[in-house]
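> To start, I am sharing the structure in question, which I have written as structure tokens.
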């Protein structure tokens with residue numbers, strides 16, 4: 001022994017220590033007596049019992065198990081190279097389990113996506129087209145009803161099991177509509193798309209809701225598929241151009257969230273955000289400002305400094321600041337514009353993943369509009 005070291009690549013080393021049958025590292029090595037090929041003991045015994053009486057590598061005749069002999073020297077060599085054999089096998093098992101679980105999740109997601117797409121394609125054939133020149137807004141039934149039911153008074157037709165049924169395409173809006181064509185009616189129905197049953201009664205004056213299976217038109221075959229389900233979704237949050245005053249909520253917000261977030265989550269986030277911004281603006285104002293104004297108008301004899309101090313102490317202190325305890329997702333209603341200048345109310349139970357799948361446009365983020373709800377209750 002002259003101490004010479006020979007460099008061996010991991011690939012060639014692994015090929016020498018690999019069983020040709022199971023393609024894993026040799027375990028309880030058995031060597032054929034004639035051709036000297038090595039196999040795992042369990043692998044070669046199973047092969048011989050199955051009736052294959054030949055060497056799996058060179059096809060030489062192997063009469064029985066007597067044609068094999070154990071090779072403890074090779075097992076000792078493997079234990080020297082890989083002293084932590086059990087740790088290696090445990091790591092390999094963990095990798096296989098993770099790959100199997102990931103593959104199953106991807107298969108489930110693709111199956112659900114394909115099922116939703118097929119349902120949307122079938123439901124598109126049941127959409128009734130509105131009569132030109134009429135003010136009624138016609139929507140598709142949520143599931144069990146006949147296409148001829150509920151064709152009067154411009155009411156939305158929605159199933160009682162709207163949250164459980166898969167969403168369908170939205171109807172086309174009549175061009176010559178009056179009050180019925182606006183996004184929010186002049187009546188007191190403020191929660192249109194949030195509730196399942198009561199919301200459908202008040203949503204007749206809205207441009208269609210997504211609560212009873214009235215989602216937007218399905219993506220045509222061959223169109224680019226939306227982002228991967230369960231991933232992050234980027235959306236643009238704009239104030240409603242018709243329902244929000246110019247100087248009140250003129251801020252466009254850019255939000256990035258997960259696909260399993262619902263429309264109610266967005267409404268609650270928006271209400272909290274606006275309440276916090278108002279609170280910060282009022283707290284950042286000059287102290288005694290509101291009170292000073294009240295004192296100056298009430299007592300003409302008081303000086304500027306004293307009047308301001310007295311007014312700041314006697315005026316309302318905390319009620320002017322918005323409370324965060326009463327913030328609710330029903331304070332704001334979320335809309336989406338499918339096209340043609342029409343706005344559709346989004347149901348609060350819908351996930352952003354489902355909304356993005358129906359209304360996503362290529363190379364553009366999802367755009368939503370918000371406006372204060374007239375009647376939050």
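For all residues, glycine too, the Cβ spot is worked out from N, Cα and C.
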> Can you identify, from 168-171, 172-175, 200-203, the stretch that Swiss-Prot calls motif 'Nuclear localization signal'?
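The listed stretch tagged motif 'Nuclear localization signal' in Swiss-Prot is 172-175.
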> Calculate the per-residue pLDDT averaged over the zinc finger (19-59) and state the result as an integer.
89
> Can you tell me how far the Cα of residue 9 (phosphoserine) sits from the Cα of residue 111 (phosphoserine), in Å?
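Computed Cα spacing between residue 9 (phosphoserine) and residue 111 (phosphoserine) is 43 Å.
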> Restricting to the same chain and to residues at least six past its boundaries, which positions have a Cβ under 8 Å from a Cβ of the zinc finger (19-59)?
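Residues 65, 67-72, 74-75, 78, 82, 85, 88 contact the zinc finger (19-59) from elsewhere in the chain.
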> Using a 10 Å cut-off, grab the number of neighbouring Cβ atoms around the Cβ of residue 111 (phosphoserine), all chains included.
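For residue 111 (phosphoserine), the 10 Å Cβ neighbour count is 10.
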> Kindly assign residue 9 (phosphoserine) to one of the three DSSP-derived states: helix, strand or coil.
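In the DSSP reduction, residue 9 (phosphoserine) maps to coil.
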